[in-house]
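The domain 'Phosphatase 2A Regulatory Subunit A helical' annotation in TrEMBL covers B:92-273. The repeat 'HEAT' annotation in TrEMBL covers B:15-53, B:92-130, B:169-207, B:208-246, B:247-285, B:286-323, B:329-367, B:368-406, B:407-445, B:485-523, B:524-562, B:563-592.
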Amino acid sequence: MSSAATSPPSVDKVDGFSRKSVRKAKQKRSQSSSQFRSQGKPIELTPLPLLKDVPAAEQAELFLKKLQQCCIVFDFMDTLSDLKMKEYKRSTLNELVDYVTVSRGYLTEQAYPEVVRTVSCNIFRTLPPSDSNEFDPEEDEPTLEASWPHLQLVYEFFIRFLESQEFQPSIAKKYIDQKFVLQLLELFDSEDPRERDYLKTVLHRIYGKFLGLRAFIRKQINNIFLRFVYETEHFNGVAELLEILGSIINGFALPLKAEHKQFLVKVLIPLHTVRSLSLFHAQLAYCIVQFLEKDPALTEPVIRGLLKFWPKTCSQKEVMFLGELEEILDVIEPSQFVKIQEPLFKQISRCVSSPHFQVAERALYYWNNEYIMSLIEENSNVILPIMFASLYRISKEHWNPAIVALVYNVLKAFMEMNSTLFDELTATYKSDRQREKKKEKEREELWKKLEDLELKRGLRSDGIIPT
Amino acid sequence: MSKMAGADGDDSLYPIAVLIDELRNEDVQLRLNSIKKLSTIALALGVERTRTELLPFLTDTIYDEDEVLLALAEQLGSFTVLVGGPEYVHCLLPPLESLATVEETVVRDKAVESLRKISHEHSPEDLEAHFEPLVKRLASGDWFTSRTSACGLFSVCYPRVSKSTKSEIRQHFRTLCSDDTPMVRRAAASKLGEFAKVLELEYVKSDLIPLFAALASDEQDSVRLLAVEACVSIAQLLPQEDLEKLVMPTLRQATEDKSWRVRYMVADKFSELQKAVGPEITENDLVPSFQNLLKDCEAEVRAAAANKVKEFCENLPADSRETIIMNSILPCVKELVSDTNQHVKSALASVIMGLSTILGKDNTIEHLLPLFLAQLKDECPEVRLNIISNLDCVNEVIGIRQLSQSLLPAIVELAEDAKWRVRLAIIEYMPLLAGQLGMEFFDEKLNSLCMAWLVDHVYAIREAATCNLMKLVERFGASWAQSTIVPKVLGMASDPNYLHRMTTLFCISALSEACGQEITTKQMLPIVLKMSEDQVANVRFNVAKSLQKIGPVLENSALQAEVRPVLEKLATDQDMDVKYFAQEAMTVLSLA
């Protein structure tokens, strides 16, 4: 998307010797929701009697009137305006929350469109621009929604409505439709974590009760993720959406539909490439493991996907990948393990020899995992030759003594597993290295020849050397 | 090109298997290197085997790391010669087609870029026979990636295909504009303008305008805002009498969109829109829209609009310009001066001075000057800096004296700002200010600031201050230098702080040329030579560096008699850096 709202780098921001979190005074920031276009005039609402004070027969109508009053939204950035009316709306909303929780028989057919309208008027809004251009969810305090005193009650009310025993999806589906869901999903980009938490519950309820919307919801989440991965790298609600998906995946019927497999391979795996992975990695890994528990045959594409997107420069992410991989290996079937062990251990061997000791350490911890150890033992004839050169070299030259100690243990374990192969590899270590070097030299020569040729031909085609 | 063909005997030296092994190397980095030299490999194979063996291999093995694919997509865009020239260029289509369907946006975009490039090398027949079918396949692909890629290819083939094919292409574009996935609709919306340019006018009206209107009212704001961009191109294509009916309803709707992103886009493109719709619509429609944008509830939008104030006013029709500015724009601008958001104020400050040339002397003094003065006192340094950096515009109209009373405190405050980047920014405007304020004012008010920066505790400031002195001397001349700054600079040579002593050397290096031979030889050189005895090695090697710098300004006799012995001595210094720089200076000055 357009980098709307980029202003030139300001001299104000760049004096950066301290970490952002230190620099920024812990001021409480809040933001209005881009919907108040200077209405100016004070708002007047005529106070209505309490629902409990009127006869039961009149309650239904009064309920509708109250809903209509609550459609009015107030400007909370202006902390002084309409104080009385804001308080009135707050108490009315509170009353409505209690009313839908305890009352019976209030949900007439006319109430449905009014409830949805009230909720829509209050929660649907264009989210305001982020306060800082480079909002970093790990470092910066989120901007809180100024109208939360009302907004929270509206969400609360809506959830009670959806959960109410009298709630009938067959009527509600006329009003809670695709358009409604689409707007709801856009709100997941809210910076306010409290709002996202409510949204999560709301969406979960809708997914549970409206079977007709399920495919649509999944598809739209797909689109949000794809946009997040390939276009903007910015969306605040990824973790919340993944959390919902975790339980959705849990409920998938077997055998898995092609649509679901595609979602795994084309959406969930690429989510690993995003810079802010740490913010939703736990939820993402949970989804992945859910898939594999459903259908072990997906193990190979998943691991190949992770290997394809393995972080090149970000050690922190590498540690996360290793953690996720261990979760996967915990549930892997031996038959699947065999299919993937070669590329997998080539990567692990690179991690083990990482100069970043946390990466090396995380990888070496695999050897403390009994199940993984048993898999390695069964396949030591394949894995040992892949790992040996790295381990041998690190045991001699890694800068970190803790890593060297861990590597000794691993080597010892291998020696006990398969001493014949181990001795063989130790014996041929030197000659193998020499062979590699020779090959390397041959490569270099090949390229040199090719370049000479290019030069010669280039000259010739320029007409300098006649053919 | 046939002379490059495989007829050459030495091709047999490189069996394709060896080369393909290189492209398959297990190490990504090596694979990447090989792909980047794909042209070398192709050259070694000759055009025929490149076509029959290399390209099929590349097409089949396209599952790789995105970085490798990116390099491949780029290479293939300039591969025409290597496959035997335009006649065979369509051989490149299969691998590029696969690349245009991968997930990673940068790879796909590069593939599209290469496809666009080689499309021009196709003959009309080949375009119709090979290229256009590819576009169609992409446009009807299952996964959204191929459809987004197709959007970028319509405009390159449309002008060169037959009538019936053209109609198919239009149909495909129409379909993609209402695609199910927002990603594809975004791609289509972003290519709308470019496609409109190659379409016949009748089809722009009958086909594209409805699509434009639909995209501009899409449910997703990310699609709508791209339609605003297209608005500019489309408006340019249409005759004036059609604009009102075909474009303006959509544009009006966009300026009042409920999403600030769309309004931001309108503000950002405002000058282009203004030019595209012409003076009449500007007066009737755009002026009120612009006022609204300047008063928008989102700071982002106001800032974008504020940035356009000068350009918008400049482009107003001459006969009504002044009235519109005075009655409609200036009142909004006045409010922005005290906006709550500093980005808005700073955007305004960067253009507001430009209004003075448009409004002339009297209006400037009466209406704009108070605003300049208010912004010069703004709490945000960026606002003040932006005003100061544009002083030249005002100077031409009313002369800077009108401002100097307020200017001085503003400059002094910025000069002492706690943030060194603010100080740096103001230093950079000093030569400009000096030119406009004149030598007398400068000596009286600003000279002491310039000297104070020389002893700033931040190196970047001292360095900028040195450079600033050089520019001042260039402006005011050597005799000014001799009387005002040289004594102060040389005085620092005996400062107890070695950093300040080094500053003297840096200044001498910078100033010698502008000051000329006499001052350099008589006043500067003795000081430099004396400093060669300094006990700090850093000072000594900077002496060597300074001598190297000022050497060309000196007379040869001084060089031989005074500089040479000192450098010779430094060349035997205990410190290896001092030695190194002394030797280097002697070589450069031909004293070795």
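All residue numbers here begin at 1 and follow the chain in the order shown.
Just so it is clear, glycine is given a Cβ too, placed from its N, Cα and C backbone atoms.
Whatever TrEMBL says is automated annotation, not expert-curated.
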Its residues classified by DSSP, the repeat 'HEAT' (B:247-285) shows 33 helix, 0 strand, 6 coil
Using DSSP three-state counts, the residues of the repeat 'HEAT' (B:169-207) come to 33 helix, 0 strand, 6 coil
Per DSSP, the repeat 'HEAT' (B:485-523) contains 35 helix, 0 strand, 4 coil
Its residues classified by DSSP, the repeat 'HEAT' (B:286-323) shows 30 helix, 0 strand, 8 coil
Per the Cβ filter (under 8 Å) with a sequence gap of at least 6 from its ends, the repeat 'HEAT' (B:485-523) is approached by 447, 450-451, 454-455, 462-463, 466-467, 469-470, 472-474, 478, 530-531, 534, 536, 538-539, 542-543, 545-546, 549-550, 553-555, 558
Beyond a gap of at least 6 residues from its ends, the CB atoms lying under 8 Å from the repeat 'HEAT' (B:524-562) belong to 486, 490, 493, 498, 501-502, 504-506, 508-509, 511-513, 515-517, 569-570, 573, 575, 577-578, 580-582, 584-585, 588-589, 591
Averaging the pLDDT values of the repeat 'HEAT' (B:15-53) gives 82
